[in-house]
């Protein structure tokens, strides 16, 4: 039996590289990988020619233009245009070249700013989005709807998963535009090295957030991709939509900061600056559907933070930022 030829779009990113690591351990797939220089995903002709020549069986669509609040506010046109082009080019070229299985990786920012907690898949398009990343979120919603529409019109098997906040190896540790976990890991690391008496964390520490290690995300992605078609249909009708991926467990930012301090070995005080904004009080995905499909996360937050910090220590000379 010939191996399945699997294209991972975005194989150098945090999620794509985690999917690659797990698939490389298997003997039943042949990975097809292209760097940005080798294949410009914004070029529809280049993407079509790639699919026409490579005989791809499955696609993991993990490529995206990503960034923090400042980047989203400064370059909204780039975020909506580039993400919609990447998705449109890959999904359409996959269809034109008879690739029947594809998994699109979205983001929990697709849900309304004031969505009911925990956020079920049915909350999609039920309210106004968070303004700071609306263009990016709309592009991700378009990706879900592209998959859904090619399924409905052409009978394709294009699936979507929506991850919660991710962290792990190959994250962005830039001091000013990274997400909360890499930002705090770096800050506590530097405070420890400098023997700083305290570390100030923005906000009251009371907001609750959910975090998933990227290796768990990769495992969930492969699990969902490999579900029997009938099982997928049963769990995503009537619109063949998407599946949330998370832990179903959240923690306060205070608990997160204290756990990071423990992992890093920081002995000073953790101070919360309540004059700084907190953001949404709670953001948690409803993962009932994922659990019904037989997948549960395996990496605890503390264990995941410890392994991520170890990766940070080993890659300080080359990490992003």
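Each Cβ is built from the backbone N, Cα and C atoms, and glycine gets one as well.
Record check: Swiss-Prot places 187, 209, 278 at the substrate site, and the matching candidate among 202, 295 is 202. Distance between Cα atoms for residue 166 (NADP(+) binding site) and residue 109 (site 'Important for catalytic activity'): 12 Å, as a whole number.
Across 187, 202, 209, 278, which the record gives as binding substrate, the greatest C-alpha separation is 19 Å.
Note on proximity: of the recorded positions 136, 140, 187, 202, 278, the one nearest residue 107 (NADP(+) binding site) is 140, by Cα distance. In this structure, the recorded positions under consideration are 41, 109, 166, and the one with the smallest number of other Cβ atoms within 10 Å of its Cβ is 109. Residue 202 (substrate binding site) sits 21 Å from residue 109 (site 'Important for catalytic activity'), counting Cα to Cα.
Listed in sequence order, the recorded positions from 10, 41, 109, 140, 163 having a Cα within 10 Å of the Cα of residue 278 (substrate binding site) amount to none.
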